[in-house]
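Listed in TrEMBL for this protein:
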type	residues	note
SIGNAL	1-25	signal peptide
REPEAT	213-246	repeat 'TPR'
COMPBIAS	266-287	compositional bias 'Basic and acidic residues'
REGION	266-296	region 'Disordered'
DOMAIN	448-556	domain 'Fe2OG dioxygenase'
Amino acid sequence: MMLSFRMELPCCCLLLLSCLQSLSANNDFFTSIGQMTDLLYTEKDLVTSLKDYIKGEESKLERIKQWADKLDLLSATAIQDPEGYLGHPVNAFKLMKRLNTEWGDLESLVLSDTTDGFISNLTIQRQHFPTDEDQTGAAKALLRLQDTYKLDANTISTGDLPGVKYKSLMTVEDCYELGKIAYSDVDYYHTELWMAQGLKQLEQGEESTIDKVTLLDYLSYSIYQQGDIHRALEYTKKLLELDPEHQRAKGNLKYFEFQLEKQKKDAEDGTQKEKDQGKRDTTEKKEKPKKKVSNHLIPERKKYEMLCRGEGIRMTPRRQSRLFCRYYDNNHNPMYVLAPVKQQDEWDRPYIVRYLDIISDKEMDKVKQLAKPRLRRATISNPITGVLETAPYRISKRRATVHDPLTGKLTTAQYRVSKSAWLTGYEDPMIDKINQRIEDLTGLEMDTAEELQVANYGVGGQYEPHFDFGRKDEPDAFKELGTGNRIATWLFYMSDVAAGGATVFPDVGAAVWPQKGTAVFWYNLFPSGEGDYSTRHAACPVLVGNKWVSNKWIHERGQEWRRPCALNETE
């Protein structure tokens with residue numbers, strides 16, 4: 001039995017190794033949900049290997065148990081009359097045999113190691129496991145979603161998110177881990193939220209290896225760092241009730257009390273100065289009422305997040321009445337005269353249209369199949385050199401109270417969280433067919449367009465506000481391509497997204513929501529060649545779901561006779 005089990009483990013190892021070949025060698029799993037699915041299959045194989053190991057251990061223990069039960073019964077009988085028992089020559093022979101041979105075999109059985117196969121599998125697979133960067137990236141994505149969609153910690157912890165199919169609860173350990181990651185990033189705002197959530201779950205009776213003292217320690221300090229000494233003192237006192245000998249808390253208690261006393265004294269001094277001023281303040285002019293803040297004065301980040309939540313600017317009824325749905329054949333293009341496509345207006349300025357049922361499930365599956373093995377970190381255009389380069393993943397503080405005194409990263413945020421692949425028409429006839437469809441419907445030349453880019457967004461995947469075209473202060477934008485500026489953008493949505501993931505245009509207040517099988521199209525440049533700055537757009541964080549898109553960036557060269565220049569700059 002033991003031998004057969006030990007022979008099975010190498011076979012299992014070979015199976016797991018074959019599965020590993022499908023895993024990408026890239027890190028940053030958290031930036032692509034599509035690639036993260038491979039990890040589920042990897043974990044499933046590990047569980048299978050673990051169960052085989054458990055069966056082996058159970059089999060070994062069962063044999064040992066049977067041996068022990070047999071000897072227990074035998075000893076109980078023999079010990080009642082040892083001499084009479086050994087007077088039987090067979091019993092005497094078997095005792096010699098057991099002590100000389102069988103106990104030695106039992107020793108070998110007990111000392112035999114059935115872990116080799118499982119440990120070797122685990123060791124091999126761990127080389128392809130997510131890294132600390134993945135774990136931290138996924139955690140910070142949760143914090144980003146919490147901010148963008150205004151979710152409280154309890155909503156996330158209970159898994160009560162819109163559109164979820166598989167509800168998942170967070171443990172105290174999970175809350176503590178999020179709080180610790182925020183703390184290490186000097187993000188005391190989120191540290192407070194998640195340590196408080198962990199404490200709440202402990203007080204509700206959840207069992208955990210994390211105790212209240214640890215949570216209160218982080219909680220009091222993070223609250224102090226945000227300037228609320230009163231509350232920091234309250235939590236410190238609670239901590240000392242649980243652990244009166246906690247040295248750091250004892251020191252903090254004295255310090256917080258000293259700071260409060262100092263604040264009280266400063267306040268009294270300030271009150272006295274006001275009294276000394278007499279009635280001079282009464283002669284000052286009354287403060288003018290604050291004017292209503294114009295939408296144009298709202299910071300872009302705030303407008304972006306409002307649009308992601310479905311808030312913000314709404315088109316007037318008059319403008320809305322000018323948007324239509326229609327059957328479209330692009331001036332009687334032969335491909336669509338008999339079977340025109342469904343087109344609907346999404347926005348008027350800039351003019352954004354959506355094409356419905358424009359790409360089939362079969363085509364979308366093929367595009368994903370071709371792209372998935374090639375997914376790499378998404379690229380962006382360097383604003384100085386114009387060269388496409390890997391997008392940075394800057395995940396950092398979001399609140400005014402969370403400020404790094406060393407780096408000053410107060411407003412720095414993650415730029416792009418996704419992976420992308422580029423597909424050419426030479427690789428598969430279906431890609432060529434899709435490119436031709438875009439040309440037929442837009443009337444624009446595809447020979448000078450960029451390859452079809454396929455992107456899959458990760459946990460909280462987003463792409464912050466940006467322009468697709470090169471501005472005047474970027475003279476070398478797309479210079480290496482030699483095809484001019486990006487005149488237009490075509491964007492396929494290849495999945496529905498349960499919550500979040502909209503494409504928003506903060507300057508004008510437009511929000512276009514993902515709809516599988518559709519595509520949206522807009523011009524980035526006016527016919528004069530001047531950039532349309534109202535096309536600045538962003539991809540909102542994916543709250544729930546898996547977002548697949550593919551886009552075609554169409555360039556100026558080759559469009560001279562297809563979209564002639566205009567005399568007016570904005571025509």
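Glycine is no exception: its Cβ is also placed from the backbone N, Cα and C atoms.
Among residues of the same chain six or more beyond the repeat 'TPR' (213-246), those with a C-beta under 8 A of the stretch's C-beta atoms are 176, 179-180, 183, 188-189, 191-192, 195-196, 198-199, 202, 252-253, 256-257, 259-260, 263, 401. Residue counts for the repeat 'TPR' (213-246) under DSSP, helix first, then strand, then coil, are 27 helix, 0 strand, 7 coil. Counting residues of the domain 'Fe2OG dioxygenase' (448-556) by DSSP class, helix then strand then coil, yields 3 helix, 48 strand, 58 coil. Across the repeat 'TPR' (213-246), mean pLDDT in this model comes to 96.
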